[in-house]
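Quick one: the structure is below, questions incoming.
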Amino acid sequence: MIEQSLPALAKALATKEISSVELTQLYLDRIARHNPQLNAFITVDPARSLAQAHAADARLARGEGGPLTGIPIAHKDIFCTQGWLTTCASKMLSNFISPYDAAVITRFKAAGAVLLGKTNMDEFAMGSSNETSFFGPVKNPWNLTCVPGGSSGGSAAAVAARLAPAATGTDTGGSIRQPAALCNLTGMKPTYGVVSRYGMIAFASSLDQAGPLGRSAADCAVLLNSMAGFDERDSTSLDRPGEDYSREINAVTDGQPLAGLKIGLPAEFFGDGCSPEVMQLVEQAIAGYRKLGAETVAIRLPSMGLSVAAYYVIAPAEASSNLARFDGVRYGHRAPDYQDLNEMYSRSRAQGFGAEVKRRILIGTYVLSHGYYDAYYLQAQRIRRLIASDFAEAFRQCDVIIGPTSPSTAFKLGEKAADPVQMYLSDIYTIAVNLAGLPAISLPCGFAGGLPAGLQLIGNYFSEARLLNVAHRYQQANAWHLQSPAEL
Amino acid sequence: MKQWEVVIGIETHAQLSTQAKIFSGSSTAFGASPNVQANAVDIALPGVLPVLNRGAVECAIRFGLAVEAQIAPRSVFARKNYFYPDLPKGYQISQYELPVVVGGKLSIQIGEVEKVVRLTRAHLEEDAGKSLHEELGHQFVGKSGIDLNRAGTPLLEIVTEPDLRSAAEAVAYARVLHALVRWIGICDGNMQEGSFRCDANVSVRPVGQTHLGTRREIKNLNSFRFMQQAIDYEVQWQIATLEDGGRIEQATVLFDPDSGATRAMRSKEDAHDYRYFPDPDLLPLVIDAQWVDRMRAQMPELPAAKRDRLITDYGLSAYDAKVLTTSLELAGYYEAAVAAAGKSNAKACANWVTVDLAARLNREAREISDSCVSAEQLGGLVARIGDGTISNNIAKRVFDAMWNGEGSSADEIIARDGLQQITDSSALEALIDEVLSANATMVGEFRAGKEKAFNALVGKAMKATRGQANPQQVNELLRKKLG
């Protein structure tokens with residue numbers, strides 16, 4: 001059962017082969033058994049999850065089930081969840097029980113999905129290894145001495161270890177795609193504005209986007225169908241007609257399903273900076289795509305090299321402001337002892353935030369300061385526009401862009417923790433996508449030294465269905481994504 | 001001794017009369033229990049997002065049109081970052097580099113002279129909550145409370161150029177602005193509740209000097225009287241300081257009405273670095289020409305235009321026209337009264353509205369909108385004076401009766417109480433004959449040359465008619481009979 005796809009699970013539930021309560025219990029048992037080693041979940045609440053499963057079973061019995069009804073889904077602890085602890089993996093919110101549901105949660109509830117638990121993450125989504133969590137690091141199920149990637153590391157580890165059939169994540173600079181790559185999953189960051197940010201605790205508002213983490217592109221399409229949609233509570237949400245993200249996947253094709261597809265290979269993705277093992281796997285995947293009928297074209301993304309620098313101005317700038325609300329006044333951690341207002345602020349925040357969060361608040365405060373704003377923030381915004389126009393130019397020559405998701409496979413716990421710049425560079429291939437607001441997907445493309453590597457596909461705005469299909473066709477012809485780690 | 005020139009610029013926060021807050025659906029009504037009107041967005045829960053209330057934008061457009069400003073086709077909301085307990089997000093959403101209203105002007109009257117005050121800009125922003133340091137009850141001694149009901153209330157901050165040259169000009173400007181925002185229906189103008197608050201930037205310089213002196217900003221002036229007092233004090237203080245060889249430091253100051261003095265709250269050194277940047281949660285505000293046109297079509301006639309029209313169409317004095325255009329409601333009342341009374345009675349209507357009605361409203365502390373006598377009723381009354389049915393004196397009785405609800409129209413009351421003027425001269429002559437024979441002594445005195453006795457006889461005659469005789473006619477008849 002734990003290797004079943006979401007459509008297969010939906011069928012098993014519809015045909016009463018298994019009930020939602022049984023399925024949920026199965027995963028709760030697996031969480032109870034394996035989470036102590038993985039630390040993928042921050043909060044599990046079996047009674048609540050099972051109550052939702054009971055309701056789902058009743059709905060299924062009425063014949064009113066949909067593609068996700070009764071299926072347990074794990075949610076990154078960045079989504080506000082009514083009645084659940086919602087911590088963002090921070091001491092600051094370690095006592096925060098949300099009084100409301102994020103839009104993403106509301107949509108999964110409406111679909112009848114069961115909330116399986118809240119997954120661990122980098123604190124406030126700031127990190128690429130899941131080591132900045134107040135609740136401790138998450139381990140990679142493929143190798144417990146390695147990181148699962150971040151910031152959606154808990155979601156990735158949970159799905160990879162089959163502690164959940166699928167999960168949600170958020171991606172500000174690669175936080176879905178990089179852990180997907182490091183855990184042998186398929187993960188998508190949709191076009192900015194496709195999924196509502198309402199109730200998703202903000203890190204960098206202009207870059208944050210929620211998306212699915214699953215075992216296949218087909219599963220991600222099912223998840224995205226539930227997650228996407230206009231929300232008037234989010235001013236950056238895009239008011240577009242609804243679409244079925246599975247439509248291209250479900251279309252019947254012949255032996256060369258990607259005939260005519262033009263894949264762009266940016267020189268900037270194939271130079272230095274990527275480990276040879278990962279690069280070899282990416283090259284093999286490209287060869288695989290040619291077999292499926294795709295052709296490749298060489299392209300350039302000349303401003304790519306500036307993306308990490310621009311990102312580490314813009315994201316901290318927005319974060320420094322977004323995190324100002326965590327002041328100990330209305331909710332969250334408040335220092336027990338203080339003499340006056342300023343001390344209450346400074347102690348509450350000094351105690352409530354971890355080192356990486358503080359580092360980014362300091363950077364962000366600095367780059368927005370009087371006299372530095374033009375040199376840093378405005379300059380970074382200019383770079384952002386250059387990057388977006390690089391992609392616009394590229395998509396005149398190709399349909400999708402391919403490259404590695406992450407320059408390496410999973411690194412050791414602690415290996416980069418002391419070196420922020422090395423850590424930041426692990427997002428070198430993913431960050432530009434967020435700066436441009438484009439959709440991208442990471443899918444498994446093989447193993448090096450027993451650790452999975454990810455292939456990244458980047459599409460033009462609103463090309464999610466196309467990207468999911470391009471990933472799906474590869475997964476029809478290759479079985480990397482079906483590999484699971486040894487049972488713990 | 002040097003001659004000093006005073007330079008003042010005013011920043012006004014006008015609370016906009018929208019039902020809901022500027023970025024959340026909470027009510028903006030004043031006076032609810034603390035934090036009852038604060039939803040998830042207002043208290044800045046993790047994950048919540050702002051959504052712009054277009055009603056607030058329409059208020060800004062109306063204002064821009066009223067002051068002949070440019071309505072920016074694209075303006076940007078920015079975050080103004082600072083920590084304060086009544087600022088839940090840790091930043092205020094405001095407009096910084098690109099405000100919604102650019103430029104504009106407002107005319108003020110200084111004695112007989114009209115002066116044009118240039119506006120720099122007007123921008124939309126959200127209000128903060130309130131910190132309550134007192135009145136919390138015994139269980140909170142030594143603590144501060146936070147009331148977020150006001151947090152997120154829409155404000156239009158209206159900024160002038162440093163064009164004002166005295167406290168009197170500043171107050172005149174504030175009054176005109178106050179009347180205008182109420183006139184166009186974007187702000188209730190309630191200064192006590194903080195709906196209309198002014199900050200005054202004050203500096204002085206030797207006459208002839210072109211560059212501005214160092215300014216101090218007097219914050220939160222919530223009455224015109226305090227504004228006058230505060231600026232007067234501040235100007236005297238700055239001049240005295242400079243004449244004593246001192247220097248003015250840029251500062252923010254508060255006015256203490258009890259002492260009548262201003263005192264520095266914070267100096268330039270403690271000024272915040274607000275780290276403004278465009279709010280990534282909100283798209284740029286785009287206002288197309290159609291939207292502006294739609295708003296323009298809904299604009300009421302503005303005070304100045306109406307004033308001119310009252311003078312030319314109705315022949316009113318400039319003074320009456322000015323009084324009648326102090327508020328849209330008053331002007332509307334007046335025009336409705338004229339419509340009922342007929343244009344020939346326009347001047348009489350003006351007198352009734354500005355004198356009798358105004359006095360009555362004032363005495364009972366009522367607004368024109370709560371007048372017990374409607375414009376139609378008053379117009380009907382003035383019409384009866386105009387056509388000679390009743391005298392002005394009787395009219396006052398009819399007015400009282402209508403005010404007290406003793407009759408729904410002047411005509412009804414006149415007919416019911418038989419108040420019509422006696423114009424039948426034979427009836428009047430008979431009456432006068434009676435008066436003369438009953439008051440032979442007075443007649444004798446008059447004939448002996450006592451002019452005062454004549455007036456007494458007029459009084460007797462008027463009394464005998466219960467005031468319904470035409471006094472002019474009585475006068476004439478008496479003269480004839482005694483002559």
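Any Cβ shown, glycine's included, is placed from N, Cα and C.
Bear in mind that the values here come from a model prediction, so they are computed numbers and not experimental data.
Okay, so TrEMBL annotates it like this:
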- A:22-468: domain 'Amidase' (DOMAIN)
- A:LYS76: active site, charge relay system (ACT_SITE)
- A:SER151: active site, charge relay system (ACT_SITE)
- A:SER175: active site, acyl-ester intermediate (ACT_SITE)
Measuring Cα to Cα, tell me the gap between A:SER151 (active site, charge relay system) and A:SER175 (active site, acyl-ester intermediate) in whole angstrom.
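Cα-Cα distance, A:SER151 (active site, charge relay system) to A:SER175 (active site, acyl-ester intermediate): 5 Å.
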What is the separation, in Å, between the Cα atoms of A:LYS76 (active site, charge relay system) and A:SER175 (active site, acyl-ester intermediate)?
11
Relative to the Cβ position of A:SER151 (active site, charge relay system), how many further Cβ atoms are located within 10 Å?
35
With every protein chain in view, how many other Cβ atoms are within 10 Å of the Cβ of the residue listed as 'active site, acyl-ester intermediate'?
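The residue listed as 'active site, acyl-ester intermediate' is surrounded by 37 other Cβ atoms within 10 Å.
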Using a 10 Å radius around its CB, how many other CB atoms surround A:LYS76 (active site, charge relay system)?
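Neighbour count, Cβ to Cβ under the 10 Å cut-off: 31.
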According to DSSP, folded down to helix, strand and coil, what is A:LYS76 (active site, charge relay system)?
strand
Work out the three-state DSSP category of A:SER151 (active site, charge relay system).
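In three-state terms, A:SER151 (active site, charge relay system) counts as coil.
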